[in-house]
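Colleague: So that we are looking at the same thing, I have put the structure below in structure tokens.
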Amino acid sequence: MKKIAIYPGSFDPITNGHVDLIKRASKLFDEIIIGISQNSKKKAFLSINDRIDTINTALKDINNIRILSFDTLLVDFASLKNAQVILRGLRAISDFEYEYQLSGINKHLNPNIETLFMTPTEQYANISSSLIKEIIALGGDISVFVPASVKTLLKHRL
């Protein structure tokens, strides 16, 4: 059976931390599905198409990924795509409590899907899409935190 993992997130924008986790996870699974969540409660910074384009460009050297968007329960999306694992990144201990609760709920909703927590490479431990947006809003340089595809897109937009 093909080992498939879903790595969900808003990826608004994708960061070097996301890229690092995906590259490392791609060595553990036959396929990684990058699931871009469409959360109607959050105001998106980038469109879904822009996120797909920047992710595609940032990960062009990884052959075992697919990028899809979804607007359903994560476990339903994972089941639909025949994924056995949900990947979650833990940047800090403060992330753990929420992620642990979420994994328990997901396990209750679908006992066949496991959650795998991955910690970041140290240099990416403090990066988040929210912080990137704040740096952009204040006119700061984000080039060390995001792939070139994100920097290029934002340079032409802002």
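Counting starts with 1 at the first residue shown.
Glycine is treated like the rest: Cβ placed from N, Cα and C.
Annotations per Swiss-Prot:
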- S10, K42, L74, R88: substrate binding site (BINDING)
- S10, F11, H18, G89, L90, R91, E99, Y124, A125, N126, I127, S128, S129, S130: ATP binding site (BINDING)
- H18: site 'Transition state stabilizer' (SITE)
Colleague: Which number gives the other C-beta atoms within 10 angstroms of the C-beta of L90 (ATP binding site), all protein chains shown included?
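Modeller: Neighbour count, Cβ to Cβ under the 10 Å cut-off: 16.
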Colleague: Compare the C-alpha of K42 (substrate binding site) with the C-alpha of each of the binding-site residues L90, E99, A125, S129, and give the closest one.
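Modeller: The answer is S129.
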Colleague: Just name the most isolated of the binding-site residues L74, A125, I127, going by other Cβ atoms within 10 Å of its Cβ.
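Modeller: Counting other Cβ atoms within 10 Å of each of the binding-site residues L74, A125, I127 gives the minimum at A125.
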Colleague: Checking the contact step here: among the binding-site residues E99, A125, I127, S129, which have a Cα within 10 Å of the Cα of R88 (substrate binding site)?
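Modeller: Neighbours among binding-site residues, in sequence order: E99.
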Colleague: Under 8 Å between C-beta atoms and at least six apart in sequence, can you list the same-chain neighbours of H18 (ATP binding site), or say none if there are none?
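Modeller: In sequence order, the residues whose Cβ lies under 8 Å from that of H18 (ATP binding site) (at least 6 apart) are Y7, G9, F11, G89.
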Colleague: Out of these binding-site residues, S10, S129, which one has the fewest other C-beta atoms within 10 Å of its own C-beta?
Modeller: S10
Colleague: Who sits close to E99 (ATP binding site): which same-chain residues at least 6 apart have their Cβ under 8 Å from its Cβ?
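Modeller: Expected: R88, L90, T115, F117.
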Colleague: Express the distance between the Cα positions of L74 (substrate binding site) and I127 (ATP binding site) as a whole number of Å.
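Modeller: The Cα atom of L74 (substrate binding site) is 23 Å away from the Cα atom of I127 (ATP binding site).
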Colleague: Among the binding-site residues K42, R88, which residue has the fewest other Cβ atoms within 10 Å of its own Cβ?
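Modeller: Minimum Cβ neighbour count within 10 Å, taken over the binding-site residues K42, R88, occurs at K42.
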Colleague: Of all the Cα pairs drawn from S10, K42, L74, R88, the residues the record ties to substrate, which distance is largest, in Å?
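Modeller: Site span for substrate, by Cα atoms: 20 Å.
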